[in-house]
């Protein structure tokens with residue numbers, strides 16, 4: 001049965017490897033199956049069980065389908081949604097659209113209704129559709145801002161948020177039990193004719209932009225003279241951001257012509273990741289100079305992240321960090337909310353969230369303004385699920401962000417959303433222009449009022465898991481004393497330690513961490529008596545040990561040069577004392 005449906009392109013890739021005796025390449029493709037985790041799947045497109053291809057997509061969807069059947073008695077009434085980006089890999093015949101069609105065929109073969117987008121869509125449209133239509137689950141076929149050869153399979157639960165444990169383990173087990181393709185799983189032709197297949201594109205396009213409009217300053221937007229450039233970095237964002245601007249009555253942004261249309265080759269950038277800053281924004285800056293624009297907005301290829309740059313009086317461009325944008329957008333969302341909710345008591349029901357490695361600026365704003373702030377583990381899956389829990393308790397979740405340029409500005413999408421964030425940022429810029437102020441000046445005003453929060457994040461590359469384990473074990477048994485953590489780092493005193501690998505937290509009365517713990521990943525946070533915080537963690541997807549540091553100053557302490565100097569000294573001490581890069585042969589980030 002399986003052999004009838006061989007993909008000729010992956011077959012010829014395997015035949016070439018065999019002919020050339022490329023044993024290492026064959027082992028890479030076939031030795032171990034991709035692991036399904038809370039982020040779903042992400043891997044290179046190509047042949048074999050360790051890559052994204054027709055077979056592995058079918059196997060994954062069969063497992064997911066079986067797991068959903070176990071969890072939902074009404075799956076055949078409610079159904080699922082499937083979206084996809086513009087990625088394609090001609091050598092293996094893989095593409096996001098093709099993979100989405102195969103996933104749809106699997107569900108339809110089991111009598112499950114599928115809402116399959118008829119065209120490329122931003123990732124946030126999938127969780128929006130799950131919530132809006134009350135579906136059991138969502139699948140987005142995307143590798144976000146990964147290199148061009150990669151693809152991914154991202155899964156949302158019926159609460160509109162990404163899955164968290166134990167669903168990942170349940171799905172993974174179900175995949176292992178359903179590896180042999182079902183007879184109709186390959187039959188995309190029949191599936192696309194099925195009455196169970198619906199196209200949500202038009203309806204969702206309309207509903208998304210209607211539901212998003214909360215605090216729209218239409219008069220300001222209509223009369224705004226601010227010129228803005230937008231790039232979708234060869235991804236899906238162009239059409240949707242243009243529509244979002246229109247829905248907000250904003251003048252359309254200037255689109256970077258060379259990057260506005262989807263192109264899976266990403267020909268103008270080394271990495272299609274706006275987090276990389278200036279390199280990705282070179283064409284945007286050139287267009288802005290030609291048009292006299294002062295602000296650049298950039299989405300990543302699946303439009304769930306947003307980077308922003310602003311031209312300074314010096315003529316230089318300033319690319320804001322994710323933490324700085326979190327401060328600006330958090331301030332703006334609260335400013336708009338307060339205008340619509342003058343009742344002083346209403347603030348007690350209001351929440352903002354951020355991940356534990358992101359800036360604590362929202363905590364400082366919350367303390368002064370009286371709303372609630374919570375932090376979660378790293379990743380929007382945690383913030384989305386926590387937001388849903390709070391909303392179920394009748395709370396208002398106004399804003400959430402993570403330092404990796406991800407922002408949730410509306411509870412109708414419980415994930416990061418670069419489309420709504422782009423329109424909201426443009427509106428904030430237009431409002432500030434009426435006050436004769438810029439984004440940079442407003443950021444300074446936020447820090448002056450709530451306290452400067454200066455951050456410095458980076459990473460070391462390490463391919464040796466043993467070295468990583470020993471590095472973290474040393475910090476847990478410091479000075480060769482079992483269970484003892486450092487009390488000093490260079491000249492800086494450690495005031496508290498939280499270890500989310502072991503579940504230890506010295507700040508809690510019982511020394512037990514409140515946030516969920518995971519023994520399979522390394523993560524330790526040190527607080528220092530000078531107001532510094534540093535988190536060291538391993539990456540789940542890359543051979544990196546990351547560090548996130550922040551100096552939180554009290555309001556009134558405005559000596560930025562001194563604060564930067566102090567944070568630099570703290571980072572140097574952490575690197576030398578805790579990382580020991582020479583001894584551990586760690587490779588620093590290439591600037």
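Every residue, even glycine, has its Cβ placed from backbone N, Cα and C.
Per TrEMBL, domain 'Alpha-D-phosphohexomutase alpha/beta/alpha' is recorded for 34-179 (among others). Helix first, then strand, then coil: DSSP counts for the domain 'Alpha-D-phosphohexomutase alpha/beta/alpha' (34-179) stand at 56 helix, 33 strand, 57 coil.
Sequence annotations record features per position, and here TrEMBL assigns domain 'Alpha-D-phosphohexomutase alpha/beta/alpha' to 209-312 (among others). Mean model confidence for the domain 'Alpha-D-phosphohexomutase alpha/beta/alpha' (209-312) is a pLDDT of 94.
Here TrEMBL flags 322-450 (among others) as domain 'Alpha-D-phosphohexomutase alpha/beta/alpha'.
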Within the domain 'Alpha-D-phosphohexomutase alpha/beta/alpha' (209-312), residues counted as helix, strand or coil by DSSP: 40 helix, 18 strand, 46 coil
